Amino acid sequence: MRTSRVASPPPSPKDHDTWAIATDLARPHTLRILTHQNQTTGLLTPPHAAFLPDPNLPRRLPFPSSSSTPTAAAPPDSGEPSRARARTETYRTGDMNPYDLRYADPSSYRDRRSDLAGAPVLAASAPAAANPYAAAYAPAPAAPVAPAGGDFSRFGGRGRGGGAGGGGWGRGGGGGGGAGGYRGGGGRGGGRDALDSLSLPKPDFRSLIPFEKNFYVECPAVQAMSDMDVSQYRRQRDITVEGHDVPKPVRYFQEANFPDYCMQAIAKSGFVEPTPIQSQGWPMALKGRDMIGIAQTGSGKTLSYLLPGLVHVGAQPRLEQGDGPIVLILAPTRELAVQIQQESGKFGSYSRTRSTCIYGGAPKGPQIRDLRRGVEIVIATPGRLIDMLEGGHTNLRRVTYLVLDEADRMLDMGFEPQIRKIVAQIRPDRQTLYWSATWPREVESLARQFLQNPYKVIIGSPDLKANHSIQQIIEVISEHEKYPRLSKLLSDLMDGSRILIFFQTKKDCDKVTRQLRMDGWPALSIHGDKAQAERDYVLAEFKSGKSPIMAATDVAARGLDVKDIKCVINFDFPTTLEDYIHRIGRTGRAGASGTAFTFFTLSNAKFSRNLVKILREAGQVVNPALESMAKSASSMGGGNFRSRGRGGFGNRSGSNSIPIRGRRPY
């Protein structure tokens, strides 16, 4: 069945008009046709779309004005006998099920894909009164939070004054004597921890419209795979699955049965075949079940949830004024959120799916404008999204597809309270996709609370494991030897390829960057204290190769997707082995090889034992000095697997503005 838009506006429904749903009895799994009968003219016209029906279906159906009656279809323009019959059920406008009304929307997934098999979510039409979920979806504007005077201040400082009990309401918060400071204490304005005590209005989930979320149509070639074929395919690609009724993996893009607009985007991107996480993750996500995905960075996780999300959007009713997004993707950092949005914009353009990125450190105005205009996909960091929800700029009542990307990192950064508040605003029957690179106990515990009967797919091992295509070189040196060794490495390695250098502190990151530029190296630095405009500039310069050396703290360790990073240098060893895995994972992406150098000092000795295990598992040569350190440090135990808290707010360093003196040739 094909649909086309109507140039003229749809007729206004009246209470005395009759609505009808026609079901092709010869093909009971095809979509139902919604029509509208004008009582005056007797003509049938759709409210939102002009249907081009099957030649064997009637263009005009005889409608009894009372109950539903089967009627035989007559061909519109010939006397040949019909091969199809249609059962017609009629209801008055006031009794029409709003779930069935969505089939008049030309953007409906099944309207656009008549080749789909499988019954709709609701097997038959019913009057609204007979369906407990049939209350029409009419989202109201978010109720403004009205705390008592001086109850909350995002950061201490100036702002709207409150009463004597606190620092006022608003971003600044001034007013009477209040909590103030970062975690309370003297001063003016509320403390930042006041965010945790603020509760968003509790939504009412008693009346929910059912929605469609199972879009998977198994390809005949996939159906034909035997259990032995499936096991062999998974074993060759190191895929482990858990769960009930796990779908078979798809080996080629065509086997996923994506709509044409997704296939066009895939073809234009030049991908050859799905990555392991995509081959198994796509069928899981398209089936509409909750899922857990555990895979290394650079394994193609973003498209694993993004393409099914685009299909999900296409199957839902259109956004109305005041609606929030349909797909919500939470990410831990600004950089990762921006990169996801770039992919969403690229692939969503083929289906005219709108998306926006909501993150801190950037002006709120453009983000608020996008939300008020209406977008189907929102990619956000938890803190800024809560700001938008508090301000009533958006709501999450339409969210039916939730993605938590790099959940382990979000927990490490202390976002668990914000995540819980956000999830509490989303309908409980949503589809949730939970992505992580590791599977510590805290991540598993949160997944148990948010997911229902999930699939689980693991690429490789859930334990700490480095990418085998990366050569890891550990150099045991002292602190004062680091910079001379870095200069020597750059002299040996620099040929115009991209080199990423990681530091533990923002201060050292800027300090070494200044020294590198003074020594003639084209280096730029990026970390959490940089303004967003400067961070965007640094990333653009690094990606383009104009400044092929980038110094960074762990703000760029996750989600940074830059092609052809030749080498990663850990100037400082991170505070967790998880961060070590993710740092070196910036090179060797998408099957390419890479090299990672790490400066390891005596102060890092507590990580030596577990680091040796990681190296041996990846088939790397272990430095004898590191092995000796691991033996002597055995009494100290393994490394700490929990990372530090979030950094503070400092001043811009100006390290990127230092002129490069006597640029070195390479």
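Cβ atoms are placed via backbone N, Cα and C, with glycine included.
Marked as compositional bias 'Basic and acidic residues' by Swiss-Prot: 80-92. Among the features that Swiss-Prot reports, motif 'Q motif' is placed at 251-279. According to Swiss-Prot, the feature domain 'Helicase ATP-binding' maps to 282-457, an assignment based on sequence analysis. The ATP binding site annotation in Swiss-Prot covers Ala295, Gln296, Thr297, Gly298, Ser299, Gly300, Lys301, Thr302. Annotation comment: Swiss-Prot describes 485-630 as domain 'Helicase C-terminal'. Swiss-Prot lists 636-651 with the feature compositional bias 'Gly residues'.
Sequence-distant contacts of Lys301 (ATP binding site), defined by Cβ-Cβ distance under 8 angstroms and a gap of at least six in the same chain, are Ile277, Gly281, Gly293, Ala295, Asp405, Trp435. Summarised by DSSP class, the composition of the motif 'Q motif' (251-279) is 18 helix, 0 strand, 11 coil. Over the motif 'Q motif' (251-279), the average per-residue pLDDT in this prediction is 91. Note: the domain 'Helicase C-terminal' (485-630) comprises 72 helix, 26 strand, 48 coil (DSSP; helix = H, G, I, strand = E, B). Other than the site residues Ala295, Gln296, Thr297, Gly298, Ser299, Gly300, Lys301, Thr302, same-chain residues with C-beta atoms no more than 8 angstroms from the centre of those residues' C-beta atoms, the ATP site, are Thr275, Ile277, Ala437, Ile459. Listed in sequence order, the residues of the same chain lying 6 or more apart from Thr302 (ATP binding site) and placing their CB within less than 8 Å of its CB are Gln339, Ile340, Glu343, Asp405, Asp561. Counting other CB atoms no more than 10 Å from each candidate's CB, the binding-site residues Gly298, Gly300 peak at Gly298. For Ser299 (ATP binding site), the same-chain residues that are 6 or more apart in sequence and have a Cβ closer than 8 Å to its Cβ are Thr275, Pro276, Ile277, Ile459. Around the Cβ of Thr297 (ATP binding site), a 10 Å sphere holds 21 further Cβ atoms from the protein chains shown. The 10 Å shell around the Cβ of Ala295 (ATP binding site) contains 25 further Cβ atoms across the protein chains shown. In the structure as shown, the Cβ atom of Gln296 (ATP binding site) sits within 10 Å of 22 other Cβ atoms.
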